[in-house]
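One structure is given below, represented as structure tokens, and several questions about it will come after.
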Amino acid sequence: MDPTAPLADTIAAIATAVVPEQGSVGIVRLSGSRALPIVQAIFTPARRNAVWESHRLLYGWIRDEKGQILDEALAVWMQAPRSYTREDVAELHCHGGIMVVQATLQQCLRQGARLAQPGEFSLRAFLNGRIDLTQAESVADLVAARSPQAARMALAGLQGKLGGSIRALRQELLGLLAEIEARLDFEEDLPPLDVAAWQARLQAIQTQIQALLATAERGQLLRTGVKVAIVGRPNVGKSSLLNAWSGQDRAIVTDLPGTTRDVVESHLVVKGIPVQLLDTAGIRATEDPVERLGVERSQRLAQAADVLVLVIDAQAGWTAADAAIYESIRHRPLILVINKTDLAPPEGIPLPPEIAHRVPAVAAQGKGIPELEEALEQLVTQGRPQPNLEISLNQRQAAALQQAQASLEQVGQAIQAQLPLDFWSIDLRGALHALGQITGEEISESVLDQIFSRFCIGK
């Protein structure tokens, strides 16, 4: 985002997803002092004597510069400060689809609006005090949420629960700092500092910070999810496994080896974790140039996956081809699925003992999927109990909170070394600055630019 973009401009953007297919509704949003005049210039209410009232929808038509009707639509004006940005905001609710919505946006730009930059509506909401920085980031998280749990966490952040926790910590630290600075300025008029009680309050704050930091890893997992690639030689049941796991017939299943020649993708949620599931082409040497390209692409995607699911055929046993594939991926996070166990020999199959996560399955019958999901959760969480999070930190917030914790540890060391109160004060201020970076009370323009540039246009 361009930090020099004038905040006095009236901005406009498409606020709904733009897809090639026809959508039912498309929304063009404006914010700024000229939002209402611009909409009035291109929107004709159906009622001739219609009155523009804040937060009231009007029915009518959007017209181009020649007066030709572009669409039948609804318009709404939200007078400052009762709007998302705390500026005058207006919206045009059109029929969905690219042509109508883009034509409506162009008319807004013709009337003097500037095309909004990514995240500029949320940036204005932040700069105008409507939301803090944790809430702004939660807007992006809510839009990008890929699981119910991630959406709930983002909504809690949007409601200010994380920001409230951080501000409460800042207030407690400010209280500790006030006691220090009072004794620096008025030492003769005050009793000696009760260091033990003061330090107990400091440690209580550190405990709260540590509890918040513990949410970061799980929160990141719920936000970003994991990429899982199903690999193996041809005709071992990889496509059947993908279909059974995703609950959809996404991949073609036949008895012919080499049927899957490209990567088939599916998305699902496993125990709250978003999973991007990739069914790759069977790995084998082949003279078929199309299949060979599929195999090469599969190998590249497997290298980029977070977790590999190696599928073998229980009836055929552990073959030389299976062993060769395993050797190439053995140092990666791995789950071994022993498919077609209903056809396995009674004496069992000798397998490499170091493979910890093994799941027997009959993919064609949907058997083994719960066990596979359990193994995946164990692998990505390293077997640690997972909290049911209400709020969690993102990477930026966690880094700032770690800075705050490090500063407070420096205070503890200063106390142990019996250093003067000035040293305590310096590190307390460092912790306060780090906490202020989380909520946006102390933040640089470059960091704001980095945060809001990740938003989509219209948010």
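All residue numbers here begin at 1 and follow the chain in the order shown.
Every residue, even glycine, has its Cβ placed from backbone N, Cα and C.
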Where Swiss-Prot shows ARG29, GLU91, ARG130 binding (6S)-5-formyl-5,6,7,8-tetrahydrofolate, which of LYS367, LYS459 is named for the same site?
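My reading of Swiss-Prot gives LYS459 as the candidate in that site.
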What is the number of other Cβ atoms found within 10 Å of the Cβ of LYS238 (GTP binding site)?
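By my count, 32.
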Largest pairwise Cα distance, Å, within the listed (6S)-5-formyl-5,6,7,8-tetrahydrofolate binders ARG29, GLU91, ARG130, LYS459?
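Max Cα-Cα spread across the (6S)-5-formyl-5,6,7,8-tetrahydrofolate binders: 19 Å.
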Quick one: Cα separation, GLU91 ((6S)-5-formyl-5,6,7,8-tetrahydrofolate binding site) versus SER239 (Mg(2+) binding site), in Å?
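Spelling it out, the Cα of GLU91 ((6S)-5-formyl-5,6,7,8-tetrahydrofolate binding site) and the Cα of SER239 (Mg(2+) binding site) are 46 Å apart.
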In terms of DSSP three-state secondary structure, what is the assignment for SER239 (Mg(2+) binding site)?
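Going by the DSSP assignment, SER239 (Mg(2+) binding site) falls within a helical segment, counted as helix.
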